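**Student:** Dropping a structure here in structure tokens format, bear with me for questions.
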Amino acid sequence: MTETLRDPCPSKTKNDLEWDRLLEALAHRCASAMGRSLAKALPFASTRSDVRRALDEAREATELLSNGEPLPVSELAEVDDAMGRVSAAGVLAPLEIRDIGRALEAARVLRRFLGARRSRVPALYEACATDPTLDTLADELAGAFDPDGTLSDKASPRLRELRGEYHAARQRMLSRLEELMTRYEAILQDRFVTEREGRYVVPVRSDAHERFPGIVHATSASGATLFVEPRAVIPMGNRLKVLEAEVQREEIAIYTQLSNRIGEMMASVIGAVHALARADVRAAIARLAQDLHLTFPDVTDEARLELHGARHPLLLLDSIVERGPVRFESVVPSDLSIAARHAMVVSGPNAGGKTVALKTMGLSALMVRAGMPVPCAEGSKVGIFEIVLSDVGDDQSLTKSLSTFSAHVSNLARILDDTHQGALVLLDELAGGTDPREGEALAAGMLDSLTARGGAVVVTTHYEGLKALALADDRFVNASMGFDLGTMSPTFRLAQGVPGSSSALAVARRFGLPITVIERAEKFLTREDVQFESVVRKLNDERAALELARAAATRRENEAAEQKHALDVELRNARDREQRHLSKEAEALLAAVRRAREELREVQARIRSKKLDAASAKEAERMLDRVASRFAMGGELEPLTKTAARAGAAGEDTVAVVDASTLKKGMRVWVPRVRAEAEILDLLPDATVRVQAGAMKLVLDAGEIRQLGTRRDEADGKRKPTTARPGEAPRKAEGAAPGDPAGLEAPLQTNDNTCDLRGLRTDDALSLAVTFLDRSINESRRVCFLVHGHGTGALKDAIRRELKASPYVRYFRAGRPGEGGDGVTIAWLT
């Protein structure tokens, strides 16, 4: 069974914390009258799950606003009264019907907006869901009115017909009046037509009206003009009155019909209006959060507060009003914490911020219950308090014959009755205004009782006895507001763990009390008072020194972090520049490779066309060397048998991983990515190196480098290459192989030779792959990269079966680490 929470904000607390001021600020940020009404009476969530749901809605609205996608709320009129009359079978006025229609259209816009972002805003989508069948009613209501709000001729065929007759009859009458004014122009006061008593009349001179036949409906103030309806147009005027009445009857019939349509769907209409108001308030909370830099704390079921960098929200609002954009440095932050069955005793100078800290804690608890973020830093924790009880300020009542102290004690009695586990109790100057010794004793008794009942208590005081409670009872903790004796002014910074000095004499000196009075007052202080103040001052000085040291350490840590970030950015930029440079070199190299292939084909054609003699063969070999020198990773091509042997040895024997600590400049290594030897040029940070392989310079992770192996065929003289024999085509193989067959070029990947098949159905992917292979053959590509991903493996298997059967493919294998792994298949073409 879900526990129902009580209203957390009694009227006394609402007044003490100025809760309504915060709600006014929220209402000011609403777009519609409905939203403003809801914001001014913003309800508190009644269950713990409702609290979290309301906060989720506000968080999602805030994220949308931050992403430049604010909730689509706009100015809408209040329609609650109109809906109430419809529920009572009443007929709505035209503007009321139009306003409800606009609300339904706004609900449709909101539903579609949230539906398009449902996965990102699930809480808002659920909270602001509306009946989609209302769209038909919204269209009916919108179609019944013109943009200016008048009932449209399209509202019904009969209305269009009647209005047409009325306008035609009126025009005929006006034409007849024009004729009469021309005939009787000499006795008219002026030449115009106007209305009196609902009839069309013309202005006739009073001294000549007997010559103008008609009915007098009115006279001017001076009596010099009579407004006469000509006898000739009286039948026309009567017809207009009849048509006008018929038009009005038809309009009322349409209003009745539309009101009935609204009434038929009243439950859904009410739901849509409430959803609009709720969305408007959530959007206003997002704007308030943006204006005041509010954050969403971690919400716990425990009755506790743990606020970091908390600021009083109303002081932030005042800062906006006075200075424009909020200046956070003008509102000093504090770290505040309290838990159930514990009491925080806040002491320090008058006007030093004690009451501000107390109110900040109370407002934060209420804001969470209302589904609002709070003015504190990230990582803060706020429990769900069932009730916030307070006694702040002077409640003297002359009508009830209560003094300030009597009213205070009366409030304390009510607070004690309402305090239980889950209550936050805020007491300003507890038991003040009476004999200090008795007041101190009463305050200590109240704190003991309140914490015993489970309350989380925050109290401000000047009583030394309350400050001493923390020394003997771990339920109590001291906190103090600072005072700078150098400037003789409060610092408004709260420190937990140490009591504060009231600094009454220092404050009196600051505000101009004569020094003779101050010196005389100091003589009346007891030795214990002086010693206590001295100890407190010493503790505060030590705390201040620790804070300065901690701030300096934090500053150095932040500077170091910024420097590291700057270096990381510089390194990334350098790598990006290197990669862009490498890409340009690779493109140039591939162009050279394409040209060289054309020359190789020419040599092959010459070899096939005729039997070469020794001189021609030598010339062909020199031509091959020239071609090879332009794109090989090294120099001229070696004889085919040596190349095959080197490739076989490299594929099988150069797989040992290099220990990063052994790398050094000038060292020769093997780079599997480009299947070439390379020389280390530089050792870079983060275990990376810059190498040069032929004409290419690369930046690689140390893990991508392999040791150059010992060629086993030279070591034992017996091992034969595992590659194809001269003149024999390499075999096809599936999956990864320990080394590629001899005679295949290094698999350098570019945009031109890559086909991305991810996300396609198998049939579509196969069709695209075959087309890509055809185009690659036509464009003389030798290596293709088919990117299919891992997935279930079905697409990968289908692609490799297609490659195995393709006449275009000499050899293929899975990608190796650094090439895309088993999610890529590399194919060499014929």
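Don't overthink the numbers, they just go from 1 along the chain as shown.
Yeah, the Cβs are placed from backbone N, Cα and C, and that goes for glycine too.
Among the features that TrEMBL reports, ATP binding site is placed at G348, P349, N350, A351, G352, G353, K354, T355. Among the features that TrEMBL reports, coiled coil is placed at 536-620. Residues annotated as compositional bias 'Basic and acidic residues' in TrEMBL: 710-719. Taken from TrEMBL, the feature region 'Disordered' covers 710-751. Annotated domain 'Smr' per TrEMBL: 755-830, in sequence order.
Please situate the listed features within the shown structure.
**Tutor:** Non-local neighbourhood of K354 (ATP binding site): V346, S347, G348, D428, T460, M481, each in the same chain, at least six residues away, with C-beta under 8 Å from its C-beta.
Mapped onto DSSP helix, strand and coil, the domain 'Smr' (755-830) counts 32 helix, 19 strand, 25 coil.
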**Student:** Looking only at DSSP and grouping its letters into three states, which state does A351 (ATP binding site) belong to?
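**Tutor:** Going by the DSSP assignment, A351 (ATP binding site) belongs to neither helix nor strand, so it counts as coil.
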**Student:** State which of the following binding-site residues has the fewest other Cβ atoms within 10 Å around its Cβ: G348, G352.
**Tutor:** G352
**Student:** Provide the number of Cβ atoms within 10 Å of the Cβ of T355 (ATP binding site), excluding the reference atom itself.
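**Tutor:** 20, counting other Cβ atoms within 10 Å of T355 (ATP binding site).
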**Student:** Taking all residues of the coiled coil (536-620) together, what is their mean pLDDT?
**Tutor:** 68
**Student:** CB neighbours of P349 (ATP binding site) within 10 A?
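**Tutor:** The Cβ of P349 (ATP binding site) has 24 Cβ neighbours within 10 Å.
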